[in-house]
Each structure stands twice: as C-alpha cells, then as structure tokens.
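Colleague: This structure is in structure tokens; I'll ask about it shortly.
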Amino acid sequence: MGRFISVSFGLLVVFLSLSGTGADCPSDWSSFKQYCYQIIKQLKTWEDAERFCMDQVKGAHLVSIESYREAVFVAQQLSENVKTTKYDVWIGLSVVNKGQQCSSEWSDGSSVSYENLVKPLSKKCFVLKKGTEFRKWFNVACEQKHLFMCKFLRPR
C-alpha cells in the first residue's frame, strides 16, 4: 500500500510540474507565456520559411517578438540550440509596401510594439544575428537562406 501511494504521489508531482510549462506544446516545441516556439535548422528563404511554419501547425508563423522579455527568451533558445556561427535566424518581421509608404509588419499580423533594429531599412526581411547573441535585428535580402524559428499561440 505504501509503495502504491508513493508511486501515485510521484506521478502527481510530475503531472503538476508539467502543466503550465511546455506541456501544452508539441513535444519538440518550447513554451513561453501563451506561445510555443520551434527552431528549424534548415536553410530557407524568408518566404519559404514562413510557408514551412504555416504548414507545421495551424496558426504558426515565423517568430514575432513583442517584448524585451520575449526577445531574451528567443535569444536564449537560439544561443543554446544553434551552435554554428555561419547562419543567422529569420524572424517574422518584414517591410511591406503600401502605396507610397512602407511599414514593418509581423507575418502573424501582430503589431510591432517592440523593436531592436540595427541597420536602416534598405532590404525587406529581418534576421537575428548570431554575432549579437541573437539579440539584434538586421535588415537583409529576403532571398538569402537562413535558419528560422516558428511560433504559434498555444491551445487552451
């Protein structure tokens, strides 16, 4: 009887420790607040990377970064998992032409409420640079091929 209670209690502790973390995300995704994130170690153009994310999970897009805390989380995940110094990582920010004006927009439709841009807007797509520990956003040509990170709203 004592062994049964011990095992049951152990399973309860494991279950409770998983709930609210990455337990609601697919097994190969990380969790931060209400979102799930996945690093994709394939080289793709910005457009192909966005399409890949959208094909993975309903509602997934290239990662949008909406706060300093989220930027720190994303940089930490990338620093721990991307060991090559050769490639940068696509984010979902791009410059969109609207008639005579250009504006920056996230591919998931969220508003640009946090920015960490380094270069002026001469190209259309953005990467996180490995050389800045994935903390600075650089404007590059969308046709380049980079690794990328996908993000989606965790199901409730």
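Each position is counted from 1, following the chain as shown.
Cβ from N, Cα, C; glycine included.
Per Swiss-Prot, signal peptide is recorded for 1-23. The feature disulfide bond is assigned by Swiss-Prot to CYS25-CYS36, CYS53-CYS150, CYS125-CYS142, with sequence analysis given as support. Sequence annotations record features per position, and here Swiss-Prot assigns domain 'C-type lectin' to 32-151 based on sequence analysis.
Set these features in their place in the structure for me.
Modeller: DSSP assigns CYS25 (disulfide bond) to coil in the three-state reduction, placing it in neither a helix nor a strand.
Every protein chain considered, the tally of other Cβ atoms within 10 Å of the Cβ of CYS53 (disulfide bond) stands at 26.
A simple way to gauge crowding: the CB of CYS142 (disulfide bond) has 17 other CB atoms within 10 angstroms, across all the protein chains here.
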Colleague: Excluding near sequence neighbours, so keeping only residues 6 or more apart in the same chain, what lies with its CB under 8 A of CYS150 (disulfide bond)?
Modeller: TYR37, GLN38, ILE40, PHE52, CYS53, GLN56, VAL57, ALA60, HIS61, LEU62, VAL63
Colleague: What count of other C-beta atoms do you get within 10 angstroms of the C-beta of CYS25 (disulfide bond), across all chains shown?
Modeller: 19
Colleague: Distance between CYS125 (disulfide bond) and CYS25 (disulfide bond) at the Cα atoms, whole Å?
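Modeller: Per the Cα atoms, CYS125 (disulfide bond) and CYS25 (disulfide bond) stand 27 Å apart.
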